[in-house]
Amino acid sequence: ATAGPRSFSAAEVRARCAQGACLVSCHRRLYDLSGFVRLHPGGEQLLRRRAGTDVSAALDGPPHRHSANARRWLEQYYVGEIEPGDEQVPPRGRTGTGVGAGLDEKEVVATAQTPEQTDLCYKTVDVEKDLVDWQKPLLWQVGYLGEKYDEWVHQPVDRPIRLFHSDFLEFLSKTAWYVVFMVWTPVVLYLSWVSYTSLAQGNTRLFSSFTTEYSIPVHKYYFPFIFLLGMILWSLLEYLIHRFVFHMKPPASNYYLITLHFLLHGQHHKSPFDSSRLVFPPVPASLVIGFFYGVLRLLLPEVLGLSVFVGGLCGYVIYDMMHYYLHYGSPKKGTYLYGLKAYHVKHHFEHQKSGFGISTRFWDYPFRTLIPEETFKKED
C-alpha cells in the first residue's frame, strides 16, 4: 500500500524556515520552494517574506493572478500536509501570521535539532501518468503525441530534458550561458574593427551597382549608426522567428514537424528552467548566422553588409544573455529587467500566443501581440 502524505507540525515548518528553507502552505497543503526562490518572477525576497505562511490568497492576487500552469507548477514542490488545527487563515501581513506563528523560540530550536530529517525532495513528473517516458530521450517520442502535443508541451515542468540517445549529440545540444559570450564577443569586436577600417578607406558607396553618378559615399563616421541599424533589425528578426517559427503549431498528423518544433523551441517551453538549454548552441548557431551573413552580402555592398551584420550579431549576443537572465536572474523590483522577466514568464505560463518580444516588448505593440495588463475589481 502507498503511504499517505507526510504530516508537518507548525513548529516543524517554522523551524525549517528559520534554517533557511522556504516552505509555504495553501490551506493544508505544504510546499517547499527553497529551490525555486531565485527563479520566481516576483523576486526572491517576495517569496522569502512569505515563508511559513499560507499563500492561497496571494495566488489569486492582486498584484498577480496565478495561472493554471503556475498552480500546476506549484504542485511539483508538494511535500505533505499541515497537521489539523495548525493551518492559518491566509495572512495579510508577515508578523504574527501564517503557519507556526507565535511559537516559543525554544520550541523552534528544539524542533530544528530533532534527529529525524524529512526528505523534502519533490517529484516533478508523475512518470506513470505522463504521456512520454522521461527515462528515455524525448525527441523521438513527442511526434507520437499528435493532437495532445500542443497542450502537453505548454504545461511546463521543473526538470532537465534529454533529447538524444547519442551522448555526443546530447552534448552539442546543451550550452552554458557564458559559452555564447566567449565565442561570439571576440567575433563582434574583430568584425567591428574590420568594418570600421574598411569604411575609413573611403571606397564604399551606396547604390554604386546601379549608378556611379548618384551613388552615396559611406564614411567611417556612419559605422555606429549602421551598427545600431543592425541591432534594430535583429530585434525585429528575433520577434519574427520567435512568433512564426518557434511558435508555429505543427499539424497533429505530422510526426516530423512536431519533432522539429520540439527540437527548436518546444523543449524550452516544456522545461523553461533547464539551464543548459536557454541559449543557442554555437555549432547550429554558426549555420544560421552564416546564412544571414550571406543574405546581407547579396543585398548590400560588402563592407556595408558586414557592418549591418556585426550589429545584428551583437544584438543576438545581447538577446541570448538577456534570455538566460530573464529565467535565472533576480532583477531588482521596479527595474526594466524586472518587468521584462515578469512579462516573459507570463508568456511561458499563460500567454503562449502573445508576448513574443524577449529583449524588448517594442515589436509586440505594432504587431498587436502585447500581453494585456491584469486588472482587479476593487473590494467594497
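Just so you know, glycine gets a Cβ as well, placed from its N, Cα and C.
A TrEMBL annotation is a machine prediction, not a hand-curated record.
The annotation domain 'Cytochrome b5 heme-binding' is assigned in TrEMBL to 5-83.
TrEMBL lists HIS40, HIS66 with the feature heme binding site.
Summarising the annotation, TrEMBL assigns transmembrane segment to 176-196 (among others).
Long-range contacts of the transmembrane segment (221-241) within the same chain, counting only residues at least 6 positions beyond its ends with a Cβ under 8 Å from a Cβ of the stretch, are 192, 195-196, 199, 292, 304, 307-316, 318-319, 356-360, 362-364, 367. Annotation comment: TrEMBL describes 221-241 (among others) as transmembrane segment.
According to TrEMBL, the Zn(2+) binding site annotation covers HIS242, HIS247, HIS265, HIS268, HIS269, HIS323, HIS327, HIS344, HIS347, HIS348. Taking a C-beta cut-off of under 8 Å and a sequence gap of six or more, HIS327 (Zn(2+) binding site) has these contacts in its own chain: LEU39, PRO272, PHE273, SER275, LEU278, HIS344.
Per TrEMBL, transmembrane segment is recorded for 278-300 (among others). A Cβ distance under 8 Å defines the sequence-distant neighbours of the transmembrane segment (278-300), meaning residues of its chain 6+ beyond its ends; these are 172-177, 179-180, 183-184, 237, 268, 306, 308-309, 312-313, 316, 320-321, 323-324, 327-328.
Residues 177, 180-181, 184-185, 187-188, 191-192, 194-195, 198-199, 223, 226-235, 237-238, 275, 278-280, 289, 292-293, 296-297, 300, 337, 340-341, 344-345, 358-359 of the same chain sit 6 or more residues outside the transmembrane segment (306-326) yet have a Cβ under 8 Å from a Cβ within it. The feature transmembrane segment is assigned by TrEMBL to 306-326 (among others).
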### Task
Measure the Cβ-based neighbour count of HIS269 (Zn(2+) binding site), defined as the other Cβ atoms within 10 Å of its Cβ.
19
### Query
When the number of other CB atoms within 10 A of each residue's CB is tallied over all shown chains, which of the binding-site residues HIS242, HIS265, HIS347 has the maximum?
HIS347
### Query
How long is the line from the C-alpha of HIS347 (Zn(2+) binding site) to the C-alpha of HIS40 (heme binding site), rounded to the nearest angstrom?
14
### Task
Give the sequence-ordered list of residues that share a chain with HIS40 (heme binding site), lie 6 or more positions from it, and have CB atoms under 8 Å from its CB.
LEU33, LEU46, LEU47
### Message
I need the CA-to-CA distance for HIS269 (Zn(2+) binding site) versus HIS66 (heme binding site), whole Å please.
### Response
17
